[in-house]
Structure formats: structure tokens, C-alpha cells
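The structure under discussion appears below in the form of C-alpha cells.
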Amino acid sequence: MKRLPRFLPWLVPLTAAVALPWLARGNDYVLSVLTLAYIYAVAGLGLNLVTGYTGQLNLAHAGFMAIGAYTVGILTVDHGVGFWWAFALSGFVAAIFGVPIGWLSLRLRGHYFAIFTLCVGVIINLVIEKWDALTHGVVGILGIPVPPGAGDLQFDSPREQYFLALFFLVCCTWVMLRIVRSLVGRSFMAVRNSEPLAEALGIPLMRTKLLAFVLSVFYAGLAGGLYAGTIRFLSPDLANIAHTFDIVTAMLIGGIGTVAGPIVGALVLPWITQYLQFMENYRMLVFGPLLVVLLIFLPAGIVGTLCNRQVRRAARSQARTALPLSRGPIGQGENSEGAGHARH
């Protein structure tokens, strides 16, 4: 049977996402929530690369997202740089900071790496909060310009901002698919599955993990730059470790180690929290057990569970197809054995 093109599973949700602004009928609140969800999905794609595909849990991810956001805020507000020039630098600045931090932290493994990056995230948060001359401290940065458009296309309304975030999410997803399906992506997965075996195969462990880490924080920086142009206000809270845990939670809900998982999780998580808003301070009493139940019954996440079921279904189908073919030789063997007994 002829295989379907790889892009077909992405075509239906992409079509729905493009049609949604017209289906929402001018509901700016829905578009604003989805715009932020797309931005956090970009950050989740980056975290999933280093965590889901390489096996390293980076708890400073929100800090790198804040670095990208503050790069845009400082350059545009304090130095008059155009938004798109500042946005182009946001991912690279985060990646530049990621090189020495990754080089130091990736010498550790497992929980030690997670604790080290947790401390890095706290330090980034404190630096943003205390360095008033550069980051404006607790006051934050106000008046970040909207991303300029061309001609009649301007990104100053919720609908245009929605499509801008969707465009970058699609581009980042396509690049991520290319990465994980390449030889580099296979190297990431080999390191995740077994570092000694990967090293025996000739894969340079430190260089491979550092590359995954830098690409991951580059995605975080891009998401932060897009966040700055959408919200137009920055505060030290963006670097709070709680935002990293939000991204991790979305990744677990959607499915860690799958490209679509962080996207699905980033779309599901905001609506769960929104529907629990009426409980005010008690909403976490419901959200916590709900998340535990979800992880118990769907340990691979939504996308991971669907992929596993599809793999099992394909395996059963192949087994049914191969079974009649295997009966012929067995039957012939039994008949020949019987004939041999008859001759004796």
C-alpha cells in the first residue's frame, strides 16, 4: 500500500488554525489566548528537543525566554533599534548565553543537571530584577513597539498577531521536524537512549548535548522575542521558574519526545486553567490531581499515546498479513512428516 505524505497529519489542524479567526467571530479574547499558546508552543518545541530527544531536563528555559524578550525590549525601547532587527538577535543572544551555561551544566547528569539549571534560572530572574540600569528592574519595560508590517498588513490587532504567532510556530515546527529526522536528530536520540552506546558508536557526547542545548535555548529566545512584540510589556516575572514548569507540564500533557506534543500541550493547558478560574485560589486542588490522573492513564501524553496505538495497530496488521503466509510451509512440513511415517 502506498504511504501517505508526511505532511497530511499536519494539514487538518493547520487548516483549522487558519480558519479559526473567522469561526471565532471577532472574539479577541480567544485569539489572544491562542496567540500566547502558540508562543509558548515555540518555547516548548525547544525544551522538548533537549529534554524529550536528548534526555536533559533544562529548568532554566523560562530564563532564556526572558533573555530573548529583554533583548527585544532593551534594543527597541532604550536604543531605538527596529523591532525585526531586535527580534532577529533575540534567539542568537539567548544561544550565546546558552553556550557557556550548557558547557558547564552538561558535565552533570540527571537530577544534578536539573538542579544546576534550576539555579541558573533563579540567577537569571534575580539579575533581571536587580539590574535596574539595564532591565529597568521591577518596573519592567513599557512601550515595546508592535512588529511593523508592510503596506496594509499591520500586526496591531489580535487577528494579525494571531497569524504572526501561527506563522512562526509553523516555521519553527517545520525546522524542528527537519532536525529530528536528520542524522543530527538520530544522534540526539542515541544519546538519550544510552550514552555509553552512543559514545561507542563514535558520537561525541559533549558536542551533541551542547548542540541540542543551544538549539533549545535559541527557540526559547525566539519565543521570548515574539512574546515581547505581542504583550509589549516585560517584567522579571517572565523569567520565573513557574513559567518553566508550565512549559514542562504542557510538554508532558502533549507528549514528551514528539514534535506535536508540546504544541498540543500548549493548546490544552491554557483552557484547563481558564475553566478552573472560577475556583480562584482552590483551582490547583483540582488541577494537580487532574494532571496526576492524566499522567497515570496517558503516561506518554496525548500525542505519544496516539502514536503508540498506531504503531501497535500497524504491528497487528502486519502480523495478520504474515500469518497466512507462514501456515503454508508449516502445513507442508506436517504433511511430509506424516508421509514419512506412512512410508515407514
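The backbone N, Cα and C atoms fix where each Cβ goes, glycine too.
TrEMBL entries are annotated by machine, without manual review.
As annotated by TrEMBL, transmembrane segment applies to 29-50, 57-77, 83-104, 111-128, 162-180, 210-235, 247-272, 284-306. Feature annotation from TrEMBL assigns region 'Disordered' to 320-344.
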Within this structure, do the transmembrane segment (83-104) and the transmembrane segment (247-272) have 3 or more Cβ pairs under 8 angstroms, counting pairs 6 or more apart in sequence?
no
I'd like to know if the transmembrane segment (111-128) touches the transmembrane segment (210-235) in this structure, counting it as a touch only when three or more C-beta pairs sit under 8 Å and are separated by 6 or more positions.
no
Contact between the transmembrane segment (162-180) and the transmembrane segment (57-77) (at least 3 Cβ pairs under 8 Å, separation 6+):
no
How about long-range neighbours of the transmembrane segment (57-77): same chain, 6 or more residues beyond its ends, C-beta under 8 Å?
43, 46-47, 50-51, 83, 85-87, 89-91, 93-94, 97-98, 101, 113-115, 117-118, 120-121, 123-125, 128, 134-135, 141-145, 213, 216-217, 220-225, 227-229, 234, 236, 238-244, 247-248
Can you work out which residues elsewhere in the same chain, 6+ from the ends of the transmembrane segment (111-128), have a Cβ less than 8 Å from its Cβ atoms?
56-64, 66-67, 70, 101, 104-105, 135, 236, 238-241, 244
